[in-house]
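J.: My questions all concern the structure below.
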């Protein structure tokens with residue numbers, strides 16, 4: 001265990017942590033009383049909803065407690081430089097968003113949601129407890145126990161893949177598809193997510209920063225253990241939902257081993273692969289690039305040549321040669337970028353040619369063959385391409401902004417991690433207001449389209465950085481040793497604008513994908529949506545690493561503000577462009593021709609409540 005750090009008693013953070021403990025205790029007692037009541041329902045909802053509420057609340061408690069500590073832990077304990085710390089953070093959070101694609105597929109096809117969530121919870125609990133191994137504090141270069149740290153990250157990443165993809169689906173399984181209570185059920189579940197996220201920061205992260213890293217990560221592990229116990233003990237409340245689709249399949253022998261245990265072994269192999277991969281963060285970026293091209297190519301191939309048109313006829317495929325040539329050209333571009341460790345003139349030219357060929361094939365098919373389902377895929381791809389930009393900016397909160405807050409914000413003695421709780425608290429307060437606002441605007445005929453809302457969300461995300469930089473430059477105060485500090489007010493404004501931007505984009509984007517996907521492509525399009533979010537998390541780490549121009553790769557105040565200003569202006573410009581073209585994208589959606597059976601059974605209800613900002617299916621980081 002590391003040395004105890006000095007900390008002031010009963011400042012604002014102390015009171016917040018104490019209140020959080022009282023609130024969590026009240027929820028635990030109230031939840032226990034509610035779940036153990038003899039009635040089948042509590043407050044008009046199945047008791048299973050509250051069991052899932054508590055299980056996910058504790059999972060978010062552990063994840064966000066650990067997330068708030070991660071970059072500080074990397075820099076202050078393991079002695080990574082700022083650039084490396086941001087890259088590790090980006091690689092970690094991006095992989096957290098990719099693995100749910102595999103976890104969701106295994107659950108749908110073999111394990112069922114309950115077994116997948118249980119296995120994921122076990123891995124997560126182990127991962128968080130492994131994070132409590134601090135080593136001797138000599139830094140990653142001299143302490144072999146850093147491998148335990150990498151193992152802990154790998155366990156959390158794979159565990160998240162099995163849990164995050166499936167627990168929100170189980171909420172929808174408690175209700176018939178036409179049940180009007182579904183919206184309020186997801187709202188209740190969503191409140192548990194953000195309550196856990198806020199409490200994890202205020203308690204686990206606070207203890208980790210002010211007392212001991214081991215105690216902070218240990219508390220996160222204890223929270224995950226509580227979530228696991230709640231889920232195991234509440235099995236009967238699920239009413240048989242989430243079970244394997246073909247139970248007999250799991251009992252079949254493969255090489256003398258039950259197929260079910262074989263699947264768990266695959267998960268453990270995944271842990272080993274991620275353990276190796278997470279140590280080479282640039283490799284994660286290249287893998288994202290190549291797999292992103294392949295995924296986008298497959299989605300477009302399905303849309304262009306595998307979906308029947310309104311007349312029931314398939315595409316003649318006259319543009320297929322151009323399309324495949326474009327995809328191959330883009331893969332060649334990725335190969336050149338990997339070989340030269342970055343973009344260059346030749347790779348840029350070849351990439352432009354490949355992109356032009358793919359776009360030409362899309363326009364050619366659109367001109368030759370009317371197909372509403374294909375047009376909706378085009379609209380969804382537009383939505384997905386916005387994800388890397390938005391989350392690349394949003395996730396600065398856990399990376400570079402966390403380090404900036406620690407060094408360059410006039411915090412008044414409040415621990416750095418305290419400010420990571422602002423976003424989930426804002427979400428709890430503002431989500432009902434936004435939900436009511438959209439309903440009021442819809443009744444009044446003023447509601448913006450989904451794409452326009454997303455454009456406004458990106459504008460607000462950009463303004464968050466613009467306002468923050470403006471405040472840092474115009475109203476800075478002098479701290480110790482003459483250092484310039486940013487007033488804490490502008491940090492609160494940053495999180496306010498980024499949260500309102502999140503509420504305009506995250507749930508709206510998730511709902512649009514859910515609503516527009518053809519039945520047989522629903523899971524594929526949702527996977528592509530989360531892949532875009534994963535790309536954004538890696539982009540966040542990469543952009544954060546650009547600020548490390550100081551001694552030893554550390555982030556200077558001037559470099560951070562310069563990058564933040566550029567980020568903000570680009571985001572505002574892109575958001576305005578998205579808002580302007582939103583009528584054209586809306587036309588591709590053919591909303592007047594949508595039918596109830598357009599949405600896949602496996603995704604019904606996932607987007608009916610407010611979306612979470614950065615975990616799979618609900619953000620997070622998307623709390624994805």
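Placed from the backbone N, Cα and C atoms, the Cβ positions cover glycine too.
Fair warning: this is a prediction, and the values are worked out from it, not measured in the lab.
Reproduced below are the annotations present in TrEMBL:
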TRANSMEM  15-36  transmembrane segment
TRANSMEM  48-66  transmembrane segment
TRANSMEM  86-107  transmembrane segment
TRANSMEM  116-133  transmembrane segment
TRANSMEM  188-207  transmembrane segment
TRANSMEM  254-277  transmembrane segment
TRANSMEM  283-300  transmembrane segment
TRANSMEM  321-339  transmembrane segment
TRANSMEM  345-364  transmembrane segment
TRANSMEM  414-438  transmembrane segment
TRANSMEM  450-472  transmembrane segment
TRANSMEM  563-585  transmembrane segment
REGION    601-624  region 'Disordered'
COMPBIAS  605-617  compositional bias 'Low complexity'
J.: If we skip the immediate neighbours and take only residues 6+ beyond the ends of the transmembrane segment (116-133), which ones have a Cβ under 8 Å from one of its Cβ atoms?
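T.: Same-chain residues near the transmembrane segment (116-133) but 6 or more away: 55, 59, 62-63, 66, 103, 106-107, 145, 148-149, 151-156, 158-167, 170, 213-215, 217-218, 220-221, 223-225, 227-228, 231-232, 242, 264, 267, 271.
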J.: Six or more residues out from either end of the transmembrane segment (345-364), which same-chain residues have a Cβ under 8 Å from its Cβ atoms?
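T.: Those are 297, 300, 304, 318-320, 322-323, 325-330, 332-333, 336-337, 378, in sequence order.
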J.: With pairs 6 or more apart in sequence, are the transmembrane segment (188-207) and the transmembrane segment (48-66) linked by at least 3 Cβ pairs under 8 Å?
T.: yes
J.: Any contact between the transmembrane segment (86-107) and the transmembrane segment (321-339), i.e. 3 or more CB pairs below 8 Å with pairs at least 6 residues apart?
T.: no
J.: Pairs of Cβ atoms less than 8 Å apart decide it: which stretch in 48-66, 254-277, 321-339 has the most with the transmembrane segment (283-300)?
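T.: So the stretch in question is 321-339.
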J.: Residues sitting near the transmembrane segment (321-339): Cβ under 8 Å, six or more positions beyond its termini, same chain?
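T.: Result: 286, 289-290, 293-294, 297, 300-301, 304, 346-347, 350-351, 353-362, 364.
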J.: Mind checking which residues reach the transmembrane segment (254-277)? Cβ under 8 Å, same chain, six or more beyond either end.
T.: 91, 95, 99, 102, 106, 110-111, 115, 119, 123, 150-151, 153-155, 157-158, 161-162, 283-284, 287
